[in-house]
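Step one of this worksheet: look at the structure below.
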Amino acid sequence: MGQDEQIITGADEYGNSPSFWRRISKRLEVEGHSGDSNKDLDPVPPELRTWNWWHYISYWISDNFTPSGWRKAASLMQIGMSWRIALLNVAVSEILIAAVITINGYIGAKYHVSFTIQSRASFGYYFSILMICMRMIVGTFWYGISTYTGAECVRSMIYAMSPRFRNLENHLPASAHINTQFMISYFVYFVSIMPLHYVPIHRIRFLFTIKAIVTPIIGFGIMGWTIANASVGEQSLWSQGNTVHGSALGWVFMNGVYANMGGWATLAVNAPDFTRYAISPKHTYTMAIALPFTATLITFFGVVGAAGSKVLFGQILWDPLLFIDNWTSPGGRAAAFFCALGFYLAQACANISANSISAANDLNCMFPRYINIRRGQFIIAFVGAWALTPWNILTSASSFLAFMSGYTVWLAPICGIMVADFYLVHKRKYNVWELYNKNGIYRYNKWGINWRAFIAFFVGWVPLFPGFLPNVNKSIFVPRGMVHLYYLGYFYGFGAAALSYYVICYFWPARETMLDVPVYCDDVLNAREIEENSYGESDSLEKKSD
C-alpha cells in the first residue's frame with residue numbers, strides 16, 4: 001500500500017476515517033501537483049522543449065489550410081471588395097496579427113510559461129483569473145463551432161464512400177436544428193478525434209508536420225483541377241471589381257482587417273501556450289512569415305475554386321467541401337474522399353491547437369489540483385461539442401454568434417497590456433518563480449489586483465462597446481463614428497490599452513516588481529543541480545574521512 005493510499009484510507013489522530021468525499025477528492029488529484037501548480041502548469045523543463053522552426057511553420061500551415069481559411073475571401077467580397085482587394089486585405093491583416101503573435105509568443109519561448117502564468121505579471125495573481133476565464137469561454141465556444149466544421153468533413157468522406165448516405169432518411173424533429181445524417185457525421189468526428197486529446201503537447205507536433213505536407217498538396221490539386229477544367233479567367237467573379245468606392249471602401253477594408261485580425265485574437269493572447277515548448281526563442285520568429293503567407297495562399301485557392309465552380313457546377317461555391325461533393329464519378333469520389341480526409345485532419349489539428357489546448361490550459365490554471373492539460377482537453381471537448389450544441393448556435397442563435405465573433409473587443413486590450421508590461425514596463429525582466437507565488441511581488445496588493453491594468457483594460461474596450469452593439473442587435477442605432485471606431489477595434493483596443501497602461505505605470509510604478517536582472521526557470525534549475533551536486537560531493541568526502 002502506497003503512502004497516498006494510506007492517507008486516503010487511514011484514520012486521523014482522533015480515530016476518525018476520512019469521509020467518502022475526501023477519499024474521492026484525493027483520488028481525483030493529478031499526479032505531481034503542489035496545490036497551486038502541477039507539472040503542466042510549471043515552466044517547461046529542457047527535455048520537453050522540442051519545437052523547432054519547422055514545427056512553428058507547420059503549425060501555421062495546420063491552422064490556415066482548413067475549410068474556414070478557404071472561405072475567407074467570401075465574406076470580404078460580400079461586403080464590397082474585389083478578389084484582388086480581398087487578397088490584399090487578408091495579407092495586411094495577417095502580417096499585422098502575425099507580428100503581435102510573434103512578439104507575445106517570445107515571452108513564452110524565453111520564460112517557458114503559459115499565458116495563464118504570464119498574465120499574473122501584468123494583471124496581478126487573482127485579477128488574471130478573470131482574463132483567463134474570458135479566454136477559456138472563447139476557446140470552448142470555438143471548439144464547438146470547429147467541431148461542426150469537422151463533422152462537415154466527415155460527411156463529405158461518407159458521401160464519397162457511400163452515395164446513398166446523401167438520401168438517408170431523417171428521424172430527428174425540425175426543432176433539433178440537425179438531421180440524422182449530420183448527427184451521425186458529428187458523432188463520428190467527435191469520437192475519432194478523442195485520442196488526439198491524449199497526446200502531450202510536446203509530441204503533438206508530428207501531426208502538424210503530416211498536415212503541413214498533405215494539405216498544401218490538396219489545395220494545389222483542387223486549384224490545378226479547377227484551372228484545367230474551367231475558364232476561370234472569363235467569369236464574372238474573376239473579373240468582378242469593387243462594389244463600394246471612395247471612403248466607403250476604406251471603411252469596408254478596415255472592417256475586413258478587423259475581422260481577420262479578430263479571427264486570431266485568441267491565439268495572439270495565448271501564443272505562449274505553444275511557444276513555451278520552443279528549443280530557442282529564435283525558432284518562433286518563423287511565425288511572422290508562415291502565418292501571412294499560408295493564410296493568403298489558401299485564400300487565393302478559395303477564390304480560384306469559387307470562380308471555377310460557377311462554370312463547373314452552375315453556382316459559386318466558397319466551401320471546398322461543397323466543391324468536392326460534386327465529384328460523383330467513381331474516380332471523382334475517390335479524390336473527394338482523400339481531399340475530405342485532408343480537410344478533416346486540418347480541422348482536427350486546428351481545433352486542438354487553437355481551442356482545445358488553450359482552454360485546457362485555463363482550466364489547468366484555475367484547478368491545478370484536479371485538472372491537468374489532458375483532463376482539461378476532454379472537459380472542453382464535451383462542453384464545447386455537446387453542452388453548447390453548436391448546431392443550434394449556427395442555425396438559430398445569430399445574435400449570440402455575432403457576440404462571440406466580436407469578442408476581440410476584450411481580447412485586444414488583454415494582449416496590449418501584456419505586451420506593454422513585458423517590453424515597456426518591466427523591460428523584459430520577470431522573476432519566473434515569483435509568478436507562482438500567490439504572496440509574491442506579482443500579487444501587487446492584498447486583493448491580487450494590479451489596478452493599473454484594471455484601468456487600462458477598461459480604457460481599451462469601453463469606447464468600442466457602442467459600435468459593437470449593432471452587430472448583436474440590428475435594431476440598436478449608434479452614431480456612424482462609433483461604428484467606424486469599432487472597425488478600428490483591434491488597433492484601438494490593443495494600442496489604447498498598451499499606451500494607457502504604460503503611462504500609468506510610468507507615473508505610478510509598482511517598484512517591488514522592477515528587477516535589475518531577470519530570473520529564468522533554468523537559473524533556478526541549474527542552481528538546484530549545483531546544490532545537489534555539492535551535497536553529493538560533501539557526503540562522499542565525509543564518508544572517505546570516516
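Cβ atoms here come from the backbone N, Cα and C positions, even for glycine.
Predicted automatically and left uncurated, TrEMBL annotations should be read as such.
Per TrEMBL, transmembrane segment is recorded for 81-103, 123-145, 178-199, 206-228, 248-269, 289-314, 334-357, 378-401, 407-426, 447-465, 485-508.
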Fill in the blank from the handout: Tertiary contacts of the transmembrane segment (248-269), defined by C-beta under 8 angstroms and 6+ residue spacing from its ends, are 63, 72, 75-76, 79-81, 85-86, 89-90, 92-94, 96-97, 100-101, 104, 115, 135, 138-139, 142, 242, 291, 354-355, 358, 405-408, 411-412, 414-415, 418, 484, 486-491
Exercise for the section: May I ask which of the stretches 123-145, 206-228, 334-357, 485-508 has the most CB pairs under 8 A with the transmembrane segment (289-314)? Expected result: 206-228
Handout entry: Stretch-level contact, the transmembrane segment (178-199) and the transmembrane segment (334-357), CB cutoff 8 A, at least 3 pairs
Key = yes
Handout entry: Contact between the transmembrane segment (485-508) and the transmembrane segment (123-145) (at least 3 Cβ pairs under 8 Å, separation 6+)
Key = no
Practice task
Please check if the transmembrane segment (447-465) comes into contact with the transmembrane segment (81-103), where contact means 3 or more CB pairs closer than 8 Å and the residues in each pair are separated by 6 or more positions.
Solution key: no
Problem - Distal contacts, the transmembrane segment (123-145) - CB-CB under 8 A, six or more residues away - result: 115-116, 266, 269-270, 351, 354-356, 358-359, 362-363, 365-366, 380-381, 383-385, 388-390, 393-394, 404, 407, 410-411, 414, 417, 438, 440, 442-445, 447-450, 453-454
